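Straight from TrEMBL, the features:
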- A:Cys377, A:Cys380, A:Cys383, A:Cys426: [4Fe-4S] cluster 1 binding site (BINDING)
- A:Cys387, A:Cys416, A:Cys419, A:Cys422: [4Fe-4S] cluster 2 binding site (BINDING)
- A:464-489: compositional bias 'Basic and acidic residues' (COMPBIAS)
- A:368-397: domain '4Fe-4S ferredoxin-type' (DOMAIN)
- A:407-436: domain '4Fe-4S ferredoxin-type' (DOMAIN)
- A:464-509: region 'Disordered' (REGION)
Amino acid sequence: MSVATKAIEAGHIWTFPGGIHPPERKEISNQTPIAPLALAQEYYLPVKQHSGAPGELLVQVGDYVKAGQVLTQVGANNGLPVHAPTSGTIAAIGPGIIAHPSGLADTVITIRADGNDEHVALEPLTDYTQLSRAELLDRIKNAGIAGLGGAGFPTAQKLALQRPLDYLIINGVECEPYISADDRLMREHAQTIIDGTEILLHIAGCEKALIAIEANKPEAIAAFEALLDKHPQLALRVVPVKYPSGGEKQLIQLLTGRQVPSRGLPIDIGLVMQNVGTAFAVAQAVLQGKPLIERVVTVTGENVEKPGNYWVRLGTPVAYLLAQCGFKPEPEQRVIMGGPMMGFTLADLSVPVVKITNCILVPSSQELAPAQDEMACIRCGACADVCPAQLLPQQLQWLAKAKDYDGLEQQNLFDCIECGACAYVCPSEIPLVHYYRKAKAEIRNIAREKAKAEVARERFEARQERLEREKQERLERHRKAAEARKKAQAEAVAQGGDNPQDAVQAAIARAKARKAAQAAAAQQKNKEGDDA
Amino acid sequence: MTVVTALIVFGVLALIFGLILGFAAVRFRVESDPIVDQIDAILPQTQCGQCGYPGCRPYAEAIANGDEINKCPPGGQSTINALADLMGVEAKPLDSAHGEEDVKKVAVIREDECIGCTKCIQACPVDAILGAAKQMHTVIAHECTGCDLCVEPCPVDCIDMVPVPVRPDNWQWDLQQIPVRVVESSN
């Protein structure tokens, strides 16, 4: 065992550069147990709630569906299915606003609930070790599980990569202020999370899991400590409070001292990370056959009367969720999906809760001041001090403003995790992360256009080649036809038939004779004229 | 005598270095991208012919032979700048005689009006229209370069050029875009 591995085993906690300590404000929402939310009248289910292609529709308008019934299937483009959150009829399938910072529409399935909340029969599993890896992965995929931590990457796809693994890391850090969904889940369902972790270990073919919890969650830590004695494969790691220690790359650095290579994945250095919520969902899917139809959502901020954590069915409109929690909006109320650091302001409250929604934040204007006008950069360098990826935010900002995309790539823009620490400390209120996101999107667009242009060029060249070939073929056909005609004539002549060539020759001779006669007549006339 | 020795020595040296250089020139030959390919790679490959040449490659050849670099409206200013960098000339504004820079568009056939004449199919430089004589035609949207060449030959004017719709995956973060919604306080 190498020195580094020994240190990991001994529970050494490394550190990562930068980071900030914003006010945590988790006490607003983490005091009460996770409460179930009353059923809404209507649910809006975007067909794409994960990163990747959407699944193929299985239902039509007017169909009656039960809770847990699959609405889209994996299909040809390897999408992730979504399931009906409750029983009811499909009222519409069409464009609707989705939970995306753009506020744009995408395909949304609208379900009108019948209030009976009838579930499809579940298929529980007594011993998951009897199933093959592929069957377990299918079970996870068919349950529609995507990473519940925020990125929404399909879990089965992440586990499907068969590479040697040193550790599975279960991320219960939840470092973003205000959010306490994972905290409450860990306190109340530690055993299920442990079951899920063991299933994940089994599928990944990994020996050991590290469960990371931030030091500001003593109850969750206690809940796991009480249970972990019986699970030697699992070890608890308490990480110090700092934002963004819950970031995938930062947590890996904290627990193992390893760095994920630029543009690489944790699996490149023998690690894979899953959120505690994902581990919980995996346990539910594998052991009970329960698809992902609800998740814990933190509703918090000073402008809700009943902040806390709720079991919210996917597809529940944010407006309904807030109404249940005593929403008291102020003028120009902002509603943020996600936390104050990485979340985005919702364009419309009819947006539904989706798989990656961990928090709805309703701040008063005192607690979270609206964005001020951007001022000039004073080159204080505070942003570079707090950048956990050790980038140069100031430099990136100049380059992004100048649209110098080559320069941005040289400065490793794509290593930016968009944690928002730089924008948080910026005294000039520069929305730095916005600049990076815009530049990233622009660079991706350029790459996409480039790829498209390449295809267009190939198609154009293929077409030119085809036209040229067709022309050659046509000429060849004409040549062959002419030859065949000549040959047929020659044969006909040989057999004693009329030679069309003779006729031509005769015609030429006739024409010549006529011309000669005309010339002679003209000469004669001239002569006569002269004589006269 | 010394002059002759010097001449011989330098002559032999010249011969040896000449041989080494000659060998290196053959052995370590760098296949450089011909300039036409490099220009062609910068052009947007819409094959629209707005530059006056029948496609992007012919225009690339013309630029290599000294034609102006500002005749490509679909590429716009960014293409002109990239070409100026490559060719070592001043970047100029787009020559408006060849058209204006426009948003990206895609051709859409109003299918119930299509009479199946195949004229647009013959006009499409990238074979992005599907159909047969007296059958309805349709545009393969993701292959369409938005070149506009199919619109003119259509005898019933059933082809529209529509801007490429903004979807969440090609949406651009706009710094001031996030709309702040005013929620009625009576609720």
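Keep in mind that glycine also has a Cβ here, set from the backbone N, Cα and C atoms.
Features as recorded by TrEMBL, highlighted on the structure.
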residue: A:Cys377; record: [4Fe-4S] cluster 1 binding site; DSSP class: coil
residue: A:Cys383; record: [4Fe-4S] cluster 1 binding site; DSSP class: helix
residue: A:Cys416; record: [4Fe-4S] cluster 2 binding site; DSSP class: coil
residue: A:Cys422; record: [4Fe-4S] cluster 2 binding site; DSSP class: helix
*If you count the C-beta atoms lying within 10 Å of each candidate's C-beta, which of the binding-site residues A:Cys377, A:Cys387, A:Cys416, A:Cys419, A:Cys426 ends up with the smallest number?*
A:Cys377
_For the C-alpha pair, I'd like the distance in angstrom between A:Cys383 ([4Fe-4S] cluster 1 binding site) and A:Cys422 ([4Fe-4S] cluster 2 binding site), rounded off._
4
*asked:* Going by a 10 angstroms cut-off between Cβ atoms, which of the binding-site residues A:Cys380, A:Cys383, A:Cys422 has the sparsest surroundings?
replied: A:Cys380
_Here's one to test understanding: among the binding-site residues A:Cys387, A:Cys419, A:Cys422, whose C-alpha is closest in space to the C-alpha of A:Cys380 ([4Fe-4S] cluster 1 binding site)?_
A:Cys422
_Please report the Cα separation of A:Cys416 ([4Fe-4S] cluster 2 binding site) and A:Cys426 ([4Fe-4S] cluster 1 binding site) in Å, rounded to an integer._
16
*Between the Cα atoms of A:Cys426 ([4Fe-4S] cluster 1 binding site) and A:Cys387 ([4Fe-4S] cluster 2 binding site), find the distance and write it as a whole number of Å.*
12
*A:Cys377 ([4Fe-4S] cluster 1 binding site) and A:Cys422 ([4Fe-4S] cluster 2 binding site), distance between Cα atoms, whole Å*: 12
*Residues flanking the [4Fe-4S] cluster 2 site, with Cβ no more than 8 Å from the Cβ centroid of A:Cys387, A:Cys416, A:Cys419, A:Cys422 and excluding those residues themselves*: A:Gly18, A:Cys383, A:Val386, A:Pro388, A:Ala389, A:Leu391, A:Pro393, A:Ile417, A:Glu418, A:Gly420, A:Ala421, A:Leu432, A:Val433, A:Tyr436
*A:Cys387 ([4Fe-4S] cluster 2 binding site) to A:Cys377 ([4Fe-4S] cluster 1 binding site) - Cα separation in whole Å*: 16
*Quick one: average pLDDT across the domain '4Fe-4S ferredoxin-type' (A:407-436), no decimals.*
92
_A:Cys377, A:Cys380, A:Cys383, A:Cys426 excluded, remaining Cβ within 8 Å of their centroid ([4Fe-4S] cluster 1)_ = A:Ile378, A:Arg379, A:Gly381, A:Ala382, A:Pro393, A:Gln394, A:Cys422, A:Val425, A:Pro427, A:Ser428, A:Ile430, A:Leu432
_Cα-to-Cα gap, A:Cys377 ([4Fe-4S] cluster 1 binding site) vs A:Cys419 ([4Fe-4S] cluster 2 binding site), nearest whole Å_ = 20
*asked:* I'd like the per-state residue tally for the compositional bias 'Basic and acidic residues' (A:464-489) from DSSP, helix first, then strand, then coil.
replied: 26 helix, 0 strand, 0 coil
